[in-house]
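Student: Sharing a structure here in C-alpha cells format.
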C-alpha cells in the first residue's frame with residue numbers, strides 16, 4: 001500500500017526552514033519528493049498530437065464539405081461550387097438529363113452505371129409543360145451565345161436557338177437539349193424522377209420525331225437507390241453537423257455550461273432538495289425528448305420528417321433511410337424511458353443516503369470555492385479542440401479525389417465546344433476514396449476520444465488534489481485555502497503527472513475502441529452471412545460484448561480512483577491504480593454504501609443536462625431555417641445526438657467537482673482509518689455524521705471494514 005498518507009499530506013502548515021523549495025511554493029500542503037512519472041506516455045501523447053495535426057492538414061488540403069451535400073455534374077463540377085466551370089454557385093440541384101440512361105443503368109446486368117449518366121446542376125427540379133414539351137439544355141458555350149444568367153432566366157431552355165444538326169441530335173437524346181417528360185422532386189439536392197410521364201409532353205415529343213423513352217418504374221427506383229445508399233446517408237449526416245453549427249454552439253456549449261454551473265450552485269446552497277429535483281426532472285426530460293422523436297417519426301402529430309426539399313405533390317410519398325433510423329431511435333428511446341422510470345422508483349428509498357453524501361461534497365465546495373469556477377478552464381480547452389476537430393472532420397469525410405470514371409459505356413452526346421456529337425467523353429465523374437482516407441478518419445475519431453478523456457482526466461486529477469488538501473487539513477484551513485489548493489494541484493499535475501494521466505486516458509480509449517471494432521466486425525459478418533447464426537455463435541458474440549463492457553466499466557472506475565491517488569501521492573499510474581484498488585477491496589462495503597447511490601444521482605444529473613440540451617436542439621432544429629432551402633438538414637438525429645454528447649461531456653466536466661470530491665473524501669477516509677487502527681483522525685465532522693447515520697453498530701462495521 002505504500003507509506004502512510006499522513007507523512008505525505010499535512011495540515012497546511014506555514015512553510016518552514018526545513019522544507020524544500022517545492023514544498024514552500026505549495027504552501028506546505030504536500031510534503032513529498034515528487035518526480036515526473038510515465039514520461040514515455042507523455043511523449044507518446046505529444047507524438048499523437050503531431051500526427052493529429054498532420055492528419056487534419058491532409059483533410060483541409062484535399063477536402064471540400066460541399067461534396068457531402070451536393071452531387072457532381074458531367075464535367076466533374078460540384079453543384080453549388082463557385083469555382084466550377086461555369087460558375088454554378090447558385091445551381092445546387094443535380095439533374096439527370098437523359099431518362100433512358102437512368103433506365104438503362106437500373107436494368108439487370110447492365111454495364112452502364114448511373115454515375116455515367118449525363119447530369120447538370122440546376123436551381124430547382126424542372127417540371128413537364130402542361131401543353132407542349134419543355135427542354136433542359138446543356139450549359140451554354142460554343143455557338144450558344146448566352147450567359148449562364150440568361151440561360152437560367154430562360155429555365156435552361158434554348159432549344160429554339162439550335163441548329164438543325166443540334167435539333168436532330170437532341171431528338172435522338174444526345175443533346176445538347178433533353179425533353180422534360182417526367183416530373184421530378186428535389187430529394188436531398190438530387191432530382192428524383194417520378195415514374196409518371198406527362199401524357200401531353202410525351203405526345204408532343206413523339207410528334208416532333210423524338211426517340212422512344214422508357215416509362216418503366218426503374219427510372220424512379222434507380223435514382224432513389226443512389227440517393228438512399230449507406231455512403232450517401234452517412235455523408236448527409238456529417239453535412240448536417242456543419243449546417244447546424246449554431247445549434248451545436250448554443251445547445252452543445254453555452255446551454256450545458258449554464259445548466260452545469262447552476263446545478264453546482266444549487267448543490268452548494270440547496271443540497272437537501274437536489275436529489276428529488278434531479279430524479280423528477282430527469283423523468284420529465286426523457287419523456288419530453290421521447291415525444292419529440294415520436295413527432296419526427298410521424299407517429300404523433302402532423303410534422304414528420306420529410307426527405308423532399310421544397311414543395312412536392314402531397315400524393316407522392318418518398319421515404320429514406322433517415323426516416324427508418326429516426327423510427328429505430330424512437331423505439332430505443334421508448335425502451336430507455338421505461339427502464340429509467342422503473343429505476344427511479346427503485347432508488348427512491350435510497351435517496352436520503354445520496355443527500356447525505358452530497359452534503360459532504362457541498363461542504364467541500366463551500367470551503368474550496370475555486371472548485372466551482374475551475375472547470376471553466378478545461379471547458380475552454382475542450383471548446384477550442386472541438387472547433388478544430390469538427391472542422392477537420394467535415395474536410396476529412398469529403399477528402400476523396402474527383403476523378404473521371406473508367407467505364408465501357410456505349411453512348412454519345414453533343415459537344416458544344418467541338419460542335420459535333422462525340423462518343424469519347426461518355427464517362428461521368430465520381431469522388432474516389434482510397435483506403436488510407438478511411439484509416440485517417442478512424443485515427444481522427446480515436447484522437448477525439450483520447451483527447452477528450454485526457455482533458456477530463458486532467459480536470460479530475462486537479463479536483464482530487466484540491467479536495468485531498470481539504471481532507472488532510474482536518475477542515476481547519478487558513479483563509480487562503482479556497483483558491484490555493486486548486487492552483488497548487490494544477491501546478492503539480494502540469495509538472496509531474498501528465499504522463500500518468502495520458503496513460504490512464506489511453507487505456508480507456510483503447511479498450512473502448514476494441515469494443516467498437518469488434519462490434520463493427522460482428523455486424524459486418526452478420527450482414528455478409530445470410531444464413532442464420534447458430535446458438536453457439538450468438539452466445540459467443542453476446543458474451544464477448546458483455547465481457548468487454550464489464551472490463552470498460554471496471555477500468556473507468558479504477559482510473560477515476562487512480563487519478564485520486566496520483567493527485568495525493570504523485571505515484572505512477574500503475575502504482576496509483578494498485579493503491580486505489582487495494583483501498584477499494586479492503587473497504588468495499590463502506591465505499592459501496594455511501595458512494596453507489598451518490599454516483600447514480602450524479603449520473604442522472606448529467607443526463608438531465610444533456611437531455612435538456614437535446615430537447616432545446618429539437619426545438620431549434622424545428623424552425624423554418626433548418627426545414628427549407630440549402631440549410632435543410634436531412635434528419636435531426638445526428639445534430640441532436642451530438643448536442644446530447646457535448647452536453648454530457650460538459651456536464652461531466654463540471655459534475656466531476658462533486659463526483660471527485662465524494663470519491664476523494666471516501667478514499668482518504670479509508671486510508672485514514674487504516675493508518676489509525678480503524679479510527680479516522682482527519683475526517684471532517686460532517687463526514688463522520690454521515691457515516692454514523694446507521695448507529696454505533698454501523699459505524700463500527702464501517703471503520704473495521706468487511
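From the backbone N, Cα and C atoms, a Cβ is placed for every residue, glycine too.
Just so you know, TrEMBL annotations are computer predictions that nobody has curated.
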Student: Labelled transmembrane segment by TrEMBL, one stretch among 633-658, 659-684. Can you tell me which?
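Tutor: Among 633-658, 659-684, the range TrEMBL annotates as transmembrane segment is 633-658.
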Student: Checking feature assignment: transmembrane segment per TrEMBL, candidates 274-295, 296-317, 406-427, 428-449. Which range matches?
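Tutor: Here TrEMBL associates transmembrane segment with the stretch 274-295.
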Student: Which stretch does TrEMBL mark as transmembrane segment, out of 245-267, 452-474, 521-543, 544-566?
Tutor: 245-267
Student: Does the chain bring the transmembrane segment (600-621) near the transmembrane segment (368-389), so that three or more CB pairs sit under 8 Å (pairs 6 or more apart in sequence)?
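Tutor: Taking Cβ pairs at least 6 residues apart, the transmembrane segment (368-389) and the transmembrane segment (600-621) are not in contact, as fewer than 3 fall under 8 Å.
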Student: Quick check for me: are there 3+ Cβ pairs below 8 Å between the transmembrane segment (39-60) and the transmembrane segment (493-518), leaving out pairs under 6 residues apart?
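Tutor: Counting Cβ pairs under 8 Å, at least 3, so yes.
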Student: Which one, 274-295, 328-348, 368-389, 493-518, 633-658, has the most C-beta pairs under 8 Å toward the transmembrane segment (245-267)?
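Tutor: That would be 633-658.
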